Amino acid sequence: MPHCLGEGDGCQVEGVSPACSGGKRENPPSLSRRFISGQILFRIQLHPSPSWTVVPVFTHHAHSASLSAVAVNNRYVVTGSRDETIQIYDMKKKIEHGALLQHNGTITCLEFYGTAHLLSGAEDGLICIWNTKRWECLKSIKAHKGHVTSLSIHPSGKLALSVGTDKTLRTWNLVEGRSAFIKNLKQNAHIIKWSPDGERYVTVITSKVDIYKLDTASITGTITTEKRISSLRFITDSILAIAGDDEIIRFYSCDSQKCLCEFKAHENRIKDIYSFEREGQHVIVTASSDGYIKMWNLDLNKIKDVPSLLCEVNTKARLTCLAVWLDQASEMKENSDKAATLSQGNEDEKSSIVRKNKVCRTDKSVKAAKKKREITPEKQKSEAPLQKKKKKQNSSS
């Protein structure tokens, strides 16, 4: 079952402030069903069937300053803030797991790789590589002379890219934990992102998206928008969803750099976009400064059509970032229950057919017996001389 996590400003909600470092502390029972904003973390539970509905689960005063980044994997949610800490939440145990205190500056970016590693970047210019089993810092790299503004891990887990306020794009060898390549940029980039297949990556500089090819590390195309780009997401290997400092979502082709579709999603600027796939359905999630989180159904076969709104929730806060945690255990249980129901239905149908066949066979045998009993004595008498006559003929021959 998907859980939507948003962060923003301007919402004062009582909650437990996680101040421990590396330890575990159980939250009050209500924390397992709450949400986030500014200093507040919002959690919203999505119920996809029979119709999409959203249920606010919890609000939690997560940090002492504005939240700036959020990331999820199959078990944990981590949040970064201007208070220079990273807070960890164990979604399976529904507890606060602790805090990471390695950085000296606003946490600007967080990204998990699988279940074992987390990368964090901050305004102190550091990129930290964390082991998520023991939550220890494996390596702290001085990545940029200025702030680290964004980072992205290659799908293979062997490479990472980062951009910073020193006007550089850096490639990192994560196997050896060292810099592999440095590219100078004309301006500071604030977003970098790998495509799902790892064959291309994009950088965002103000309102311009440069598309790079991995094998040549050269720009293959550029997309330019009217407003500053606040968020970007690969929907497929070749389709980008872009949100700027306005209320419009636009889908672009990386191959042609043409806008495939655009639609008004909110009443105010869009702060973040997230996407996920569930049972073949592509869902786009958007968060806006207007306080709304909305979910949209995207038909990739009709990419030029405006996505349909599935559901929405008003957090009444100025949201800053967004992530979706998919409860895979719940999904597997739901699917297994469906399969069990279907299997039971098939068994019932089969047994019904068997019973019908048995009834048919019984009916036939009953009818045959009745028919046998219905032979008249006259017929029996007329059949007897015939049988005797046949026997005589056989004996004479």
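A Cβ is built for glycine as well, from the same backbone N, Cα and C atoms used for every other residue.
According to TrEMBL, the feature compositional bias 'Basic residues' maps to 387-397.
Per TrEMBL, region 'Disordered' is recorded for 337-397.
The repeat 'WD' annotation in TrEMBL covers 60-92 (among others). Mean predicted confidence for the repeat 'WD' (60-92): the pLDDT average there is 92.
Panel annotation: around the repeat 'WD' (100-140), residues 21-22, 68-76, 78-82, 84-86, 88, 146-153, 157, 160, 162, 164, 172, 174, 177 of the same chain, lying at least six beyond its termini, place a Cβ under 8 Å from a Cβ of the stretch. Look at TrEMBL and you will find 100-140 (among others) tagged as repeat 'WD'.
With DSSP classes pooled into helix, strand and coil, the tally for the repeat 'WD' (141-182) is 0 helix, 25 strand, 17 coil. Annotation comment: TrEMBL describes 141-182 (among others) as repeat 'WD'.
The repeat 'WD' annotation in TrEMBL covers 263-299 (among others). Residues of the same chain lying 6 or more positions beyond the ends of the repeat 'WD' (263-299) and with a Cβ under 8 Å from any Cβ of it are 2, 4, 6, 8, 44, 46, 48, 52, 54, 230-233, 235, 241, 243-249, 305-324, 326, 331.
Residue counts for the repeat 'WD' (263-299) under DSSP, helix first, then strand, then coil, are 0 helix, 26 strand, 11 coil.
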